[in-house]
């Protein structure tokens, strides 16, 4: 097995190890790949990752075999280029770069122009006919080598450079003449000698082996170790070293350098796209000192630019580049991001890789490439990042508009919105009814704010994480939301607030960008989303290739309609309690909760029944013919109770009970840990009349709406079950009410009774629970809270530190903790199926809209995922990708 | 297989099915057993449980085979007794009783005197020579049969009896003459005919089959079904029917009836113990109309009673009875509870069973019987209910003292205590320092009340369950506690309270019985516990036969000393936070929490270090040579913060920070679900300096106290771990601090680092976590909370209903939910051991003191259990029982 692989020129590229990233690293494999398809790659060689491991485990020494192999490989480079390494007359210069299996910060990056010394610099000057170029290259080499190989403080070199310019009254580096640079090289060498205690190495082989050792050593640098630990990269992988002949884009006007994309990465259009500079080095394009020129004539004309395009200025090199573009797309079957250099009329390829792109471009390219026959539908599906679709579904800020940032929070729900600040939900509703755009700003939101959140264009909270109440509800509603903006402080008494350093008052206009978390002053113009044809085409392909169904979490007809528009195939979670917060009902709800006896409670429930019935009827109509999973009342009752004195006074009037009495009752309902309190099916067990009312409303609505063409099949879901018996008791109650309604109405609908699996015990006992359940819906929000012992509402204080330290790779409320919570889901699915082969399995936690979690659901074999309306397309695409990746 | 088994007389008792409870029921098997060892049992027969099932599944009809078998068995009884069933001259009378595999309420109990009718009553009168006896028997029979077989309202008969007495101006039933009773029988028959539409059955066979059917039918009564459902008794078990010849203790002065124990069930003394009445029926002894007489001469003399003992009055029958006692003890190897009747000089045994006894008696008998060679040590160990030991370890109320009950709550921590009511912890401490006994009465307690709880003789709370803060801490301290006494309401402003209907004020004296939950007015005298020699002997045997170690949960030297006295073999859980609440430290703790930066925090920690070090040194000294598991800080920080304005003001002075600022900081630390919040190892991850201080205190103390004879081996326990990484990070921290201390002090101790397994995820990931952990301690309190999704502090609202409905068989915080939580424990133990074969496994939740849970720990193979000091003896005995039962 080779320790060194050559590429470029007449090197053979047929050893499969050479294109194996684990052997030659990402960069080495890629260079070999380009060379093997005949692209003009500067010749060079790669020392394998295995040699890195050998070096580090053998006292940081090189074997004689390796030294021999490098010498031989260097010979290949010399022969191909026609120059000799260290040749005083016309020296070969090389670059040395690290290249691990995956791109990894913390390792040595690059040393350019290696091979220059006091002698060869003269040779380079005469061979290139450009003395300034030669001395500038030498200067840069000493600085780079001093910094990354010798470990000297690079500030020392910067300082010397600045002094040199100041002394001469220059402003730009380019003003330095060859003579100036020669002097500067002298100063640089003095710095090296003083700092290092030895002169700058003049022996080019010493330079080379020093750089190779530096690359290997950098694998064990502290920064690299930290990065590896955080990203589960094994220390044994090692890094490869790439040594490559230098090419120069700055050898006069027949030389150039540029970066390009084979298609427009912003729009996805099939047009070469890029920038270049004549007589420049790669870093000059990036540094922005000179304004780069357009690549194509069309682009230049389109922009009305003066300076010639490469197509016009260097037609031969451009034609060669265009051929390379086509070759690369055909080879890699994807849009490429390219770096190239033209040295004295000859094109050299320095890098190619799949290019980053906007969501819109990704979509267009994927669909176009299928049309072009370049890729098939499956590949197209896998090409688009599902999360990126989010950008396409919400209004976005006009990137060209000026913006004044006041502060930032967490990007909790995407989209952009502008409006007047309102500080409570009632004001939000009031102003919104006056046709004003409002942004609801709260310390944090609670279920009582729902109507205000609905009325607002966007939501900003000072507290709460990515999965706080505000964030979850906003995503469900498709409202932009910035949460946990710690720079926001609110003084309700004076109706004023502070965002960062700025004092504002209710009514002032701000703009939120829910995709970045930015809060801006005034109104920043937005761009409406275009759900272009490509979107529909890709979604259609996705639907064809996915196995799992995609439902939505929704409870209002508006949300249901949105979700159907996005392709939802049913409701996976209808949270009935959201209907309880409606202003017209809350007093009946409160009367029910505070009832002193069952009669009083029943009379309040009787008032709620017709309201709930009409809610469900609306939903069944909207979702006509599609399955609807309706969860019976879940939150602890005290969430519905008043908190403010006015509300207590109002309630006291309407119930005819003293304020003190009501406050005492409310206080009695207080819980230390409401998440683990008297909620879910525990309400149904202790107050069966509440669940009975809800079941009646469901069945009456179903009987009313159901038709033979579009039958309503309600799926009644019992929350927070931990034991078979809870479900048995409540299922019997639902069955009894169903039969009563069927008898009363003379009609009958099919229905299922099932449960959420959202407690570890429920997962463990799934085999027994399945005896009573026709379906399981994994409530992974609560399952995560209980399995990890983490309250979503309180996690902000430590979860950030946890993700930073890699304790959890990602926020476990955003992406399912597959290792831990995943075990419970898998085990429950297995045990549930063992008891009831045809049990329907779905997920309705927030994870149902997260691609990584969806991939897990596919693996476990769930029947469907359910996501908030705006996440439905993401879920459809992610489900298709998951099916394709698992070989479905 | 027989459908009917005869017993008594010359019946064979050699078919093993006859002594099999599943065939003949508990009572039937017992009667056969007694008869087979030659005891004088009235002859009779048992219809098998299988016939019950047959009857209920065959349209409630009897087979001809059964009818024939019953006729034949009845013949055996007739022959043995020498009377004929239905014989007008000298009738055989029988009793009919149900008898299932286990004793089960809701089924038909007993019909006596069956076989009487208008004719046979005359025969009975003449044969017994007692007309009154005959008519009284007939009257009783009609009433009993009417009630339990015919299903008539027994009130009707009672009423007729009352009227008969009133009409005649009588007070007692005994005043009714034969003639009166004859008239009453006439009225009874009229009632039956009117209610039933048919006359009272005169055919004795109809009577018999009616009673048999009634027994079978009662198996399917609603009450029986409910009981079965709640106790997991299969409906298919069925009940047997026992038909037995009547014997009469009320046939003159040579007849008698009595109940007896073969030893004193109260003291355990080896002395026959019982009561008897001449010329009486069994029910008369129980009813208390006549005062029963002592059984033995010694007992009579001892009590100074007049009426003769049975030993004196009926020496032959008594001698016969004494022989039976010895025979029974020898046969059953246990103290027996006996019912007997002497009919005209002949002794008949009606029942024998192992007798209930006090804890003290159980202990004495178990030890005595080993001495007598009746049983071996293993049996003795199994004979004593571990929970009953609790009675022996705490002062108890003098049962003879009068008591005025004000209300009741939950029996949260055993023992009795009297004292003045105090309404807050500071007052408790203040008054206690004045040498006053106080009872702390709170709505509920929090960690801030610890000093008051310690100062109090007993604790009473209005809220909270058996495992509330008050209950857990009180049990740990050995303080009696009554929790969740909903009848208690407190008005702190006026320093008054109400218990039930009684208005009281601070300073009034009450008494608590923590073993029953009673709250009494004034001071009720108590009896101090005697840990007699028998206790020590039994504990020694238990220690010999148990496999698991027994440690204690303790954090004060006083508790440690108590626990050692009770035989604790180490500390399983030392909760360091309890030390933080000490008045002298709380301000440093608060300064640490509210520190604005790490420097301020470190300076507060520096003040705490010597305090913690001396805490640990004290504990290590007390536990010299025994292992001590010390848990690093666990509760959320806001638990330590002030709540009252005075406290804030004080803190403001000491920290030099504004009250508003402090309140805002305190408010920021508020959590929605503190149980799932920023606590446990999350504190260690985010504030490593806190854990570092604690670790330093532990190691410095250990180095100070450790000697070569009694080395200190601290076991540092990291709480609330959910991931391997958390433990890895914190273990590295502890190791680093240990090395620092060893270097500083120049000495070195062995130590272990391990973790609590108290989150479902930790249990699931135990294999990985074990890579970092030398031990696991199952924190089953929190594991139960998270696995079941139930907050211990909030569960009172529904857990009662849950246990009532049989959703959980017992409070899962008292007895481990083996089905659910048990799976997690078992799985974690397996996975932990798979990774690290010698990992030490223990349990430190409250369940560590619960015998059923301890049996589970034995099954899973844990190395030790840890219980609060007063539960240590219970745990020792329960562990021995568990080992013996699992064949160890």
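Cβ coordinates come from backbone N, Cα and C, glycine included.
In TrEMBL, annotation is done automatically, which means it is predicted and not curated.
As written in TrEMBL, here are the features:
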REGION    A:1-23  region 'Disordered'
COMPBIAS  A:12-22  compositional bias 'Basic and acidic residues'
DOMAIN    A:24-62  domain 'Pyruvate phosphate dikinase AMP/ATP-binding'
DOMAIN    A:65-367  domain 'Pyruvate phosphate dikinase AMP/ATP-binding'
DOMAIN    A:435-517  domain 'PEP-utilising enzyme mobile'
ACT_SITE  A:469  active site, tele-phosphohistidine intermediate
DOMAIN    A:533-882  domain 'PEP-utilising enzyme C-terminal'
BINDING   A:575, A:631, A:758, A:779, A:780, A:781, A:782  substrate binding site
BINDING   A:758, A:782  Mg(2+) binding site
ACT_SITE  A:844  active site, proton donor
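Feature map: TrEMBL annotations on the structure.
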residue: A:469; record: active site, tele-phosphohistidine intermediate; Cβ within 10 Å: 21
residue: A:575; record: substrate binding site; Cβ within 10 Å: 20
residue: A:631; record: substrate binding site; Cβ within 10 Å: 27
residue: A:758; record: substrate binding site; Cβ within 10 Å: 29
residue: A:779; record: substrate binding site; Cβ within 10 Å: 28
residue: A:780; record: substrate binding site; Cβ within 10 Å: 30
residue: A:781; record: substrate binding site; Cβ within 10 Å: 19
residue: A:782; record: substrate binding site; Cβ within 10 Å: 24
residue: A:844; record: active site, proton donor; Cβ within 10 Å: 28
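Annotation: stretch A:533-882 has the most Cβ pairs under 8 Å to the domain 'PEP-utilising enzyme mobile' (A:435-517), among A:24-62, A:65-367, A:533-882. In three-state terms derived from DSSP, residue A:631 (substrate binding site) belongs to an extended strand segment. Farthest C-alpha pair in the substrate-binding residues A:575, A:631, A:758, A:779, A:780, A:781, A:782: 15 Å apart. The secondary structure of residue A:575 (substrate binding site), as reduced to three states from DSSP, is extended strand. Counting in whole angstrom, residue A:575 (substrate binding site) lies 11 from residue A:844 (active site, proton donor) by their C-alpha atoms. Taking 8 Å as the upper bound (exclusive) on CB-CB distance to chain B, the recorded positions A:469, A:575, A:631, A:780, A:781 give none. Secondary structure of the domain 'Pyruvate phosphate dikinase AMP/ATP-binding' (A:24-62) per DSSP, as helix, strand and coil residue counts: 22 helix, 4 strand, 13 coil. Residue A:781 (substrate binding site) sits 9 Å from residue A:844 (active site, proton donor), taking the Cα positions as reference. In the three-state DSSP scheme, residue A:782 (substrate binding site) falls into the helix class. Of the chain residues outside the substrate site list A:575, A:631, A:758, A:779, A:780, A:781, A:782, A:573, A:634, A:719, A:756, A:777, A:778, A:783, A:844, A:845 have their Cβ within 8 Å of the site's Cβ mean position. For the residue listed as 'active site, tele-phosphohistidine intermediate', the nearest neighbour among the listed binding-site residues (A:631, A:758, A:780, A:782), judged by C-alpha distance, is A:782. When DSSP labels each residue, the region 'Disordered' (A:1-23) comes out as 7 helix, 4 strand, 12 coil, counted as helix, strand and coil in that order.
Residue A:758 (substrate binding site) sits 10 Å from the residue listed as 'active site, proton donor', taking the CA atoms of both as reference points.
For the pair residue A:631 (substrate binding site) and residue A:844 (active site, proton donor), the Cα-Cα distance reads 11 Å. For the domain 'PEP-utilising enzyme mobile' (A:435-517), the DSSP counts in helix, strand and coil order read 18 helix, 29 strand, 36 coil. Residue A:782 (substrate binding site) sits 11 Å from residue A:844 (active site, proton donor), taking the Cα positions as reference.
DSSP assigns residue A:758 (substrate binding site) to coil in the three-state reduction, placing it in neither a helix nor a strand. Here the Cα atom of residue A:780 (substrate binding site) is found 7 Å from that of residue A:844 (active site, proton donor). Following the DSSP three-state reduction, the secondary structure of residue A:844 (active site, proton donor) is coil.
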